[in-house]
Amino acid sequence: MTYSGVLTVLLLVYLVILTGTGIVVSRLKQRGSSAGFVTDYFLGGRSLPGFVLAMTLVATYTSGSSFLGGPGMAYNQGFGWVLLAMIQLPAMYVTLGVLGKRFNIVGRKIGAVTVVDFLRERYEGNAFLTITSAFFIVVFLVAAIAAQFLGGARIIESLTGLNYVWCLVVFSIVVMVYLVLGGFTAVALNDSINGTLMSIGTIALFVATVKAGGGIGAIISNLKSVNPDLLTPYGVKNFISVPWVSSFWVLVCIGTLGLPQTAVRAMAYKDSKAMHTAIVIGTVVIGLLMLGMHTIGAFARAIVPDVKVTDMVIPTLAMKVLHPIGAALVLTAPLAAIISTVDSQLVYVAGTIVKDIYLNYMNPNADEKRIEKLSRAMNAAIVLLVLALSIKPPSTIVWINLFAFGGLEAAFFWPLLMGLYSKRANAAGMIAAQLSGVASFIWFTSKLPRPMGLHPIVPTMVISGVVGLLVSYLTPPPKLETIKKFWGV
Amino acid sequence: MKENFKEDPRFEQCNKETWVMVILLVLNILWWYGFAYGLGSKSPSEYGFILGLPGWFFWSCVMGWVVFSFAAYYAVKIYFKDIPLDDGGQSQAGQGVKK
């Protein structure tokens with residue numbers, strides 16, 4: 001069998017397993033649960049155990065770029081780019097630890113299923129804030145999902161030779177089936193499968209790479225003779241400057257606790273023990289993936305020296321150092337990374353539309369059957385929308401995606417954090433924080449991409465936070481009953 | 001603001017845990033920065049090597065991963081408590097805090 005034949009068969013097996021999870025979950029769910037359909041379908045009934053919580057957090061957070069673009073940059077820039085990637089090590093303990101059990105407790109108290117639910121209750125049902133929040137989630141996430149779909153289909157195309165559009169269609173159908181049938185629970189379980197697959201792929205490829213390069217010492221001296229800059233923390237010709245790389249502490253570590261699709265997982269765990277376990281497993285696994293894949297990317301320069309396209313570094317290396325079946329297995333890892341990020345975002349967008357817009361403003365008294373139908377239909381509709389967008393991506397989508405990650409952080413970081421920890425933060429302040437945050441991020445990114453050597457996210461967070469506090473203190477404090485609801489017994 | 005209400009007793013423990021994680025993050029940043037730029041600012045010809053890797057990289061990245069994985073484990077084991085999260089939990093929160 002040819003190489004691409006092996007890969008195609010493995011991919012099919014993998015996709016069948018993912019689909020199977022959706023079917024199994026929907027069978028189990030028919031027995032019914034006490035939490036109610038919306039909580040079950042969009043938040044897994046608040047019952048995630050530790051391992052699944054850790055894996056779904058890691059897998060949601062780890063996108064295709066950690067397996068393709070990132071290692072490709074390490075290939076070009078050397079160990080400095082691995083240093084940059086390691087900033088993500090604390091992301092799991094920061095997200096779970098700073099939002100903390102407090103977020104989970106409050107979520108149960110007020111029955112929140114989405115991040116917008118939390119914001120709406122905390123900021124006293126402010127309709128403007130609810131609608132802008134839902135708007136930013138839908139627009140930024142849809143653009144981000146379409147961009148990932150595009151990347152995923154391109155990889156399958158280049159590896160298997162299958163037609164790009166067909167790849168997209170197969171990809172979408174699989175995700176749609178398990179999303180529609182199993183909702184959040186299926187997503188979380190498939191994320192665990194994907195996270196495990198990514199970990200195994202990373203370890204296997206690392207071992208094979210070191211072996212093929214004749215040991216670490218030989219690889220390093222080879223890299224040194226190519227360009228000594230590859231061994232420094234500064235990248236080639238000082239590409240990775242200290243202020244710029246330090247900004248990534250805000251962008252890819254601390255700021256990520258504001259990403260709604262990540263934060264919502266901090267409401268989904270079952271009990272304290274699950275959270276404790278997830279902090280430890282999540283940190284070990286994210287470290288393994290980030291350190292492993294990026295170091296492999298840096299080492300690859302010594303083994304496959306002439307790769308021109310950064311995204312092709314890992315596929316080229318895998319085919320060179322592994323047996324075809326091994327390479328095919330390893331190369332499902334980037335696909336797993338993409339699928340596990342996209343599914344979480346999709347189910348989150350559907351949840352936002354159903355819970356935050358439909359149930360709040362259009363039909364608060366909808367009965368369970370109707371909500372169920374709508375939720376499943378909404379998941380399907382969003383997958384189809386994204387499919388349509390990625391078959392022929394409009395330039396607006398590409399443009400919006402540039403701001404998606406930082407834009408979501410700018411929109412939600414302070415409203416979420418201040419809502420949890422400040423009794424003084426109010427609706428007016430957080431509307432100001434959100435709008436000024438998103439506006440500054442877009443402005444800096446397009447007009448002044450390295451202000452004082454920093455990444456745009458740093459001034460954005462400062463502006464958003466200061467504006468949020470100022471406006472909060474200049475306007476009346478929240479009502480005592482709101483404070484009681486969130487802080488009281 | 002006058003707070004004439006009783007605050008959820010579980011939040012005291014929650015705040016403690018949050019601070020522990022913030023301190024862990026600060027230490028992590030210092031470790032990352034200190035070893036990377038402390039050992040890595042020399043010319044590559046003067047680097048020390050450990051297990052074949054540049055010294056700064058070994059300490060900042062490889063050991064950073066190992067050390068902070070263990071640190072997260074011990075931080076959770078020592079400072080985190082098994083508190084009830086459910087809505088009905090407050091009533092038992094007093095005696096519910098067990099280790």
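Each residue, glycine too, has its Cβ placed from N, Cα and C.
TrEMBL: automatically predicted annotations, no manual curation.
Straight from TrEMBL, the features:
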TRANSMEM  A:6-25  transmembrane segment
TRANSMEM  A:37-59  transmembrane segment
TRANSMEM  A:79-99  transmembrane segment
TRANSMEM  A:163-189  transmembrane segment
TRANSMEM  A:196-220  transmembrane segment
TRANSMEM  A:240-259  transmembrane segment
TRANSMEM  A:279-304  transmembrane segment
TRANSMEM  A:324-354  transmembrane segment
TRANSMEM  A:374-391  transmembrane segment
TRANSMEM  A:397-420  transmembrane segment
TRANSMEM  A:427-445  transmembrane segment
TRANSMEM  A:457-475  transmembrane segment
Chain residues in Cβ proximity to the transmembrane segment (A:37-59) (below 8 Å; excluding those fewer than six residues from its ends, i.e. six or more beyond): 29, 92, 95-96, 104, 107-108, 111, 113-114, 183-185, 187-189, 191-192, 194-196, 198, 262, 264-265, 267-270, 273-282, 285-286, 289, 336-337, 340-341, 344, 347, 350-351, 354-355, 359, 368, 371-372, 375
Segment-segment contact (the transmembrane segment (A:6-25); the transmembrane segment (A:163-189)) at 3 or more Cβ pairs under 8 Å: yes
The transmembrane segment (A:279-304) and the transmembrane segment (A:196-220) contact flag, 3+ Cβ pairs under 8 angstroms: yes
Contact between the transmembrane segment (A:240-259) and the transmembrane segment (A:163-189) (3 or more Cβ pairs under 8 Å, separation 6+): no
Same-chain residues at least 6 beyond the ends of the transmembrane segment (A:324-354) whose Cβ lies under 8 Å from its Cβ atoms: 3, 6-7, 10-11, 14, 18, 38, 41-43, 56, 59-64, 66-68, 113-114, 116, 134, 137-138, 141-142, 144-145, 148-149, 151-152, 155-156, 159, 171, 174-175, 178-179, 183-184, 187, 190-191, 193-195, 197-198, 200-202, 204-205, 208, 260-261, 264, 314-315, 318, 371, 374-375, 378-379, 382-383, 386
Top partner of the transmembrane segment (A:79-99) among A:163-189, A:397-420, A:427-445, A:457-475 - counted as Cβ pairs under 8 Å: A:397-420
Recorded stretch, among A:163-189, A:196-220, A:374-391, A:427-445, A:457-475, maximising Cβ pairs under 8 Å relative to the transmembrane segment (A:397-420): A:427-445
Which of A:163-189, A:196-220, A:374-391, A:427-445 contacts the transmembrane segment (A:457-475) most, counting Cβ pairs under 8 Å: A:427-445
Remote residues contacting the transmembrane segment (A:374-391) - C-beta distance under 8 A, at least 6 residues beyond either end: 37-38, 41-42, 142, 145-147, 149-150, 153, 165, 168-169, 172, 175-176, 179-181, 183, 346-347, 349-351, 353-354, 358, 366, 397
